[in-house]
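Feature annotations, reproduced from TrEMBL:
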type	residues	note
DOMAIN	224-611	domain 'SAM-dependent MTase RsmB/NOP-type'
BINDING	CYS317, ALA318, ALA319, PRO320, GLY321, GLY322, LYS323, ASP341, ASP368, ASP480	S-adenosyl-L-methionine binding site
ACT_SITE	CYS531	active site, nucleophile
Amino acid sequence: MKKALKTLSRNRSSLTLQNLMDPSERYCYNPVLRWNPEVEDYFIKAYGPHHFSRISKALTLPSCYSCIRVNTLNTTSDAVIEKLQGIIQNSGFQNGVDGINLNKTELKDSLNDSNIKVEVGESEHGMSALNGSFENGTISKCQIPGLEYVVFVKGSGPHTIDYDYAPERPPKEVIVSRKCAEAVLRGAQVFVPGVTACSAHVEKGDLVAVSVAVEQPGVDGGWTTGITRGTVLQGLQTDPHYFERSGLYIGQGTTMMSRAGIFRVLQGIALDMTKRIFNLPSFHDVLDGEIFLQNLPSIVTAHALDPQKGERILDMCAAPGGKTTAIAILMRDEGEVVAVDRSHNKVQNIQKLATEMGLKCIITYKLDALKAVCRRNESNGMSALCSDKINSCTNIQNSDSLRLHEEVSSNTVEGLDADTTCKEKVSNEKGNDRAYISKADIRKNMRRMRNGPGRNQCLGGRVEPSKGFSRNSFDRVLLDAPCSALGLRPRLFAGEETVNSLRSHGKYQKRMFDQAVQLVRPGGVIVYSTCTINPGENEALIRYALETYKYLSLAPQNPRIGGPGLVGCCEFPDGYVEEWLRPGEEELVQRFDPSSPLDTIGFFIAKFSVGSKEV
């Protein structure tokens with residue numbers, strides 16, 4: 001019996017090797033998204049097996065069109081379309097798509113086996129408008145009412161590529177990292193840091209096949225690619241992940257430097273992608289200040305907030321600034337848009353984008369969204385001292401080099417004395433459970449005083465820290481929450497998320513939402529959004545909000561082009577029950593399904609009206 005099993009196993013292995021040696025099966029793009037088994041079971045319960053299978057497949061593919069938001073304060077959609085047509089013609093971009101097939105039967109089939117209740121007519125308007133947008137060529141204005149300032153650019157694919165394979169002479173090859181491959185599928189080139197392995201004797205100008213190394217189970221129970229950067233490929237089955245890379249070829253490229261150069265330098269373009277599985281034009285550094293490349297659901301999110309001129313609006317997790325600038329433009333740059341993020345560099349990026357677009361109403365702060373509400377009776381002594389030290393560094397960076405040397409030299413001793421004071425204040429306030437600065441922050445400030453501003457502080461000017469905002473001080477609040485990002489596409493790996501990590505995301509988002517509720521005034525609006533397909537971060541958050549804050553209610557959204565939310569609940573093997581929406585609530589949210597004919601990323605939007613907070 002054992003002998004028979006061994007023989008059967010060998011036969012299966014031999015058959016598998018034969019299939020993998022078939023060039024049409026190996027040298028193609030046919031990825032299978034790998035999930036944590038428990039997470040996969042959870043999503044199957046939520047969507048149904050066939051629907052979730054389609055979602056998984058859609059996530060591995062880029063959208064067949066690019067979505068561009070036009071800055072209507074500086075230009076018009078027609079002017080942008082004319083400029084883009086010239087740019088695309090000059091770049092030689094070829095479009096091979098006849099159009100987007102927005103088909104009712106397809107939508108019904110995709111939702112048939114899930115527990116989502118949907119009337120196709122609800123989505124007909126958005127889909128027919130989107131379909132109509134592509135009737136006039138490669139570049140077209142969006143036909144969805146209210147979104148006429150959005151421009152669509154059609155892409156093409158998937159394309160069949162001849163890699164010139166011969167059994168005795170496999171093509172020269174380059175392996176890129178997963179993140180690099182996902183960027184290439186969206187239209188990027190292959191940059192040096194993204195290359196992990198390369199065939200021997202590759203010279204500048206060679207044509208090479210490009211494959212991707214996706215994470216595999218490691219010996220420690222985690223995930224790893226197991227490829228050392230600089231590995232030499234022989235084109236043999238002994239190459240790293242030879243069989244795992246079957247069906248993971250994303251195109252052909254011309255090398256911009258030799259193999260030695262690729263692994264010697266730290267930056268630059270390694271490959272010019274000449275043939276791609278998907279052709280999507282790149283708009284990097286194109287028409288700065290006039291356009292912004294943004295996903296359609298993100299644009300809809302700003303509209304759902306419905307900002308009005310003269311209002312004070314908070315974007316709680318604002319980086320990279322796409323929704324922030326969209327809100328400011330909808331307000332015609334009249335009012336106040338407060339954009340916060342906890343990362344210094346990300347706040348600088350928001351400032352840079354606002355400047356490029358000529359927006360004056362955006363005010364940025366460095367602030368953790370979990371500390372967005374200003375605490376009462378908080379001691380300001382320590383914060384003031386630290387703020388003074390940061391301001392000192394800022395003043396230094398704006399001076400000339402001689403003054404920089406003089407001020408740093410003269411302030412070194414003072415900085416040491418100030419930090420001694422900091423330490424004393426820390427020890428005093430720590431006992432009173434008040435805000436304090438860590439020893440690491442103290443050492444960092446000491447280094448700044450000695451050495452002057454660092455690279456990050458010199459890039460984009462001053463970043464103001466914030467101690468939070470008063471309760472009920474905003475008319476509208478947008479919480480585009482940090483999430484598992486399981487709706488972003490193209491995606492080639494999803495195994496890092498576990499049920500526990502998904503639950504952790506949900507807890508984190510509830511804490512942020514608690515802050516948002518305190519900051520918005522009675523009669524105001526909160527919009528909550530994520531870029532994930534996880535119901536625990538979407539519908540479960542809505543259930544929490546409505547049960548915890550009785551003065552909140554779901555509000556209609558305009559435009560409404562997404563589908564309905566999930567109704568019901570899910571019970572986990574450990575007995576935990578996750579509650580979602582109740583009947584009647586599903587039509588008040590927007591869920592964007594990556595496998596639907598709209599062909600967007602996975603996204604979720606909910607809008608709340610805030611009633612009287614008096615108990």
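Placed from the backbone N, Cα and C atoms, the Cβ positions cover glycine too.
Neighbour list (ALA319 (S-adenosyl-L-methionine binding site), Cβ cut-off 8 Å, at least 6 residues apart, same chain): ASP341, SER343, LYS346, VAL347, ASN349, ILE350. A gap of 13 Å separates the Cα atoms of the residue listed as 'active site, nucleophile' and CYS317 (S-adenosyl-L-methionine binding site).
Counting Cβ atoms from all protein chains shown, ASP368 (S-adenosyl-L-methionine binding site) has 16 others lying within 10 Å of its own Cβ. Pairwise Cα distances among CYS317, ALA318, ALA319, PRO320, GLY321, GLY322, LYS323, ASP341, ASP368, ASP480, which the record gives as the binders of S-adenosyl-L-methionine, peak at 19 Å. A 10 Å cutoff on Cβ-Cβ distances gives GLY321 (S-adenosyl-L-methionine binding site) a total of 26 other Cβ atoms nearby, all chains included. Within 10 Å of its Cβ, the residue among the recorded positions CYS317, CYS531 with the fewest other Cβ atoms is CYS317. In the structure as shown, the Cβ atom of LYS323 (S-adenosyl-L-methionine binding site) sits within 10 Å of 24 other Cβ atoms.
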